[in-house]
Amino acid sequence: MTTLAIDIGGTKLAAALIDNNLRISQRRELPTPASKTPDALREALKALVEPLRAEARQVAIASTGIIQEGMLLALNPHNLGGLLHFPLIQTLETIAGLPTLAVNDAQAAAWAEYHALPDDIRDMVFITVSTGVGGGVVCDGKLLTGKGGLAGHLGHTLADPHGPVCGCGRVGCVEAIASGRGMAAAARDDLAGCDAKTLFIRAGEGHQQARHLVSQSAQVIARMIADVKATTDCQCVVIGGSVGLAEGYLEQVRAFLMQEPAPYHVALNAARYRHDAGLLGAALLAQGDTL
C-alpha cells in the first residue's frame, strides 16, 4: 500500500510517496509559511499534497508539536505561532480524501531509526538536536507516545535550575541551553546574532566563545543521555538533527558521556535516515506498525 507521508517542520514542509518496502518517490518540499496562520498552512499543505494524493491510499503525518486528538499542540506555544489547536488530521483528510494518521516528528523519527537497528535491539532512544531538542522512546519494541502525546519530549527535562527561561515556561530546560536556538541566544559580543550553523563554523576556526557554546551543548546532551539511560536502561541512543549531526558534535557528546560513571554509559549512533526519518517513521506506523 502506498502512503503519502508528510513532514511538518518549523522551516519546511516535505511530502513523498512511500511504498511497503520503504522506497521513497516524488519527494517534494515547500517552506513552512512564515505567517504561521491556519489558512496559510492549509493552503501550503494543499499545494504540497495535490500532485501526490491520487497515487496514495492513506496519509501519514510527522509534525512538530504534540498531536492530541488530531489537534496540533505544543509545550512551547511560541513555536507554533497561530497554529496552536490547528485541526491537523481533519485538514488532511479533507484535502486528500484519505484516512490519516499523525504523530510527533521526533517520535516518528525514533520509529524509523529503530527499524534500522539490529533485531536484538528492543530498547532505544532517539534524540534530535536541532532548532530545538526532541526525542522518541522505544521500549520492548514499542513506541511510547503517552496518552497526551508527551512521551519523548526530552528537551524539556532540567539541565540547569539557574539557566535561561525556556519557551515552555520552565527554567533551565535542556532545549533552552543545548539546542541551536539556545546556543544562538547565548552568543555574545562578535557572535551576537549568529545562528547555530555560523557558530559551528566559527568553532571550527578556533573561536573560543563558539567552541565553548558547542562544547556546552554537547555536555548538556551527554548528561541528559545519562539520565535517559538511568530512566529507560536503553541499549543504544541514536542522535539526529542539524546540530546533532554537525561535524565533530557526536564525538564531543560521546567524550562527555564517558566522563559519567560506567552504569550510565550507552552506545551512541548517528541517525541513519537523517531528513527522511520523520517521513519513513510515519509511513511505517500507517502501514501497520502500531503505537
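Using N, Cα and C of the backbone, Cβ positions are placed for all residues, glycine too.
As recorded in Swiss-Prot, the features of this protein are as follows:
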type    : residues               : note
BINDING : 5-12, 132-139          : ATP binding site
BINDING : H156, C166, C168, C173 : Zn(2+) binding site
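Positions of Swiss-Prot features highlighted on the structure.
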{"residue": "A5", "record": "ATP binding site", "DSSP class": "strand"}
{"residue": "T11", "record": "ATP binding site", "DSSP class": "coil"}
{"residue": "G132", "record": "ATP binding site", "DSSP class": "coil"}
{"residue": "V138", "record": "ATP binding site", "DSSP class": "strand"}
{"residue": "C166", "record": "Zn(2+) binding site", "DSSP class": "coil"}
{"residue": "C173", "record": "Zn(2+) binding site", "DSSP class": "strand"}
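Put simply, H156 (Zn(2+) binding site) is 8 Å from G134 (ATP binding site) when counted between their Cα atoms.
Cβ crowding, taken as the number of other Cβ atoms within 10 Å, peaks at A5 among the binding-site residues A5, C168. Non-local neighbourhood of D7 (ATP binding site): L13, A14, A15, I61, A62, S63, D105, G278, L279, A282, each in the same chain, at least six residues away, with C-beta under 8 Å from its C-beta. Cβ neighbour counts within 10 Å, taken over all protein chains shown, single out C173 as the most crowded of the binding-site residues V138, C166, C173.
Under DSSP, H156 (Zn(2+) binding site) is assigned to a helix (H, G or I) in the three-state scheme. Calculated from their C-alpha atoms, the gap between C173 (Zn(2+) binding site) and A5 (ATP binding site) amounts to 31 Å. Other Cβ atoms within 10 Å of the Cβ of G134 (ATP binding site) number 28 in total over all chains.
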